Structures are given as C-alpha cells and as structure tokens.
C-alpha cells in the first residue's frame with residue numbers, strides 16, 4: 001500500500017488522473033468508479049482532458065435501492081452529471097436500483113464484473129471504514145449484494161437529501177471480494193473526519209469490523225490523502 005499525501009482535493013484529483021493515464025497506457029480497458037465527494041476532482045480532470053474514453057467500459061460500485069435513474073440523488077444521475085455527460089464511454093454499468101428482484105440484480109452484476117475485469121478501481125472510504133456500501137461486519141468473501149445501510153452511513157449521506165428520512169435504507173453494492181479482484185485500486189480520502197478510518201485501514205488489524213483494512217492484502221493499492229485525512233498516520 002502506497003500513501004501519497006497532497007495539499008488538497010484538487011491536487012489529489014490531478015494525481016489520481018496521472019495514475020489513470022499510466023494505467024491506460026498499459027492497456028486498461030475497464031474502470032471501476034465511485035460516487036460521493038472524494039472522486040469529484042478526479043472526474044473533473046477526466047472531463048477537461050483531451051483523452052478519448054469511448055473505448056472504455058465503466059462499472060460503478062453501487063446504487064441505492066428504490067431510486068430511479070432520473071432521481072437527482074441516484075448514483076446514475078451523479079455519474080452522468082460529473083463524468084458521463086462530458087466524457088462518453090463505450091458502456092457504463094451501474095446496478096439497477098429499481099429491479100423487481102434485487103438479489104437477481106446482484107447476481108447479474110457479478111456476471112458483468114466477470115465479463116469485464118476491472119483494471120483501475122477508484123474508491124472512497126466511509127467514516128466507519130466502509131468501501132462501496134460494504135458496511136462493518138460485511139464478509140470479506142461477499143460479492144455483489146443487497147446492503148442494509150447503517151445509521152452512520154445514512155446520516156453521512158443525508159447532506160445530499162432534503163431530509164434524513166429521504167435517504168434510502170438499502171443499496172446494491174459490489175462486494176469486497178469483487179473489489180479485491182481489481183488489478184489496481186486508487187483510494188481517495190480528504191478531511192479530518194476520514195482520519196480514524198485511514199489509520200485503521202493502514203495500520204489496524206485486518207478485520208471485517210473495518211472493511212477497508214482488507215486492502216492491506218491487495219498487491220497494488222495507492223491511497224491519496226490530504227494532511228487532515230493523514231493526520232493520524234504519523
């Protein structure tokens with residue numbers, strides 16, 4: 001696990017984009033993408049670059065259950081607004097949050113991942129150490145699955161909704177085992193509220209109580225953090 005400290009999120013996005021360019025030069029074809037505030041500066045770098053992504057496939061980590069793609073709180077909407085409208089890909093995959101059978105949708109998504117192995121996976125990290133929507137206690141062997149969101153995650157995401165009651169209580173998420181199959185992982189974290197999770201991920205025991213700790217076992221992880229998020233690493 002390599003740690004890169006940056007001044008701010010803008011610099012973090014630039015460094016992540018440089019890593020992506022290196023990966024593309026080596027033949028990367030499938031990107032694993034995340035939502036939330038952490039990767040936005042990275043997506044901004046992608047959109048303003050002259051690179052053509054029309055031969056690439058993207059696979060997103062997760063989607064809320066119960067939100068249509070037209071909902072401005074859906075991750076499908078987020079990705080279109082922040083990346084896909086500005087930079088078309090060959091194909092973009094996200095879980096279908098309105099699937100009538102969400103368990104079958106999870107299995108369908110695993111098949112997509114099997115057909116498109118992820119070369120470059122972007123991650124954020126939750127305050128409780130979750131990656132994707134893999135909450136503390138999630139089995140490291142889990143593949144794509146339906147998640148009951150913890151109160152801390154619902155509270156953290158409520159800033160994007162009119163009220164906390166509007167935050168969906170479930171999501172479909174790529175599993176930890178799915179994430180670990182990625183050839184390369186770039187995790188972005190900014191702000192003091194992420195410091196505990198970053199410390200646990202880097203130095204703590206590998207435990208399902210802190211899902212991101214499993215990344216210690218991955219062969220190619222780069223963590224990009226500002227000084228606030230890195231404040232407990234010294």
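Cβ coordinates are placed from backbone N, Cα and C, and glycine is handled just like the others.
As annotated by Swiss-Prot, active site, proton acceptor applies to 62, 130. The feature active site, for ring-opening step is assigned by Swiss-Prot to 128, 135, with sequence analysis given as support.
When other Cβ atoms within 10 Å of the Cβ of residue 135 (active site, for ring-opening step) are tallied across all protein chains shown, the result is 21. Taking CA atoms as the reference points, residue 62 (active site, proton acceptor) and residue 128 (active site, for ring-opening step) are 17 Å apart. A straight line from the CA of residue 135 (active site, for ring-opening step) to the CA of residue 128 (active site, for ring-opening step) spans 8 Å. Counting Cβ atoms from all protein chains shown, residue 128 (active site, for ring-opening step) has 19 others lying within 10 Å of its own Cβ. Its own atom aside, the Cβ of residue 62 (active site, proton acceptor) has 22 Cβ atoms within 10 angstroms in the protein chains shown. If you draw a 10 Å sphere around the CB of residue 130 (active site, proton acceptor), it holds 25 other CB atoms from the protein chains shown.
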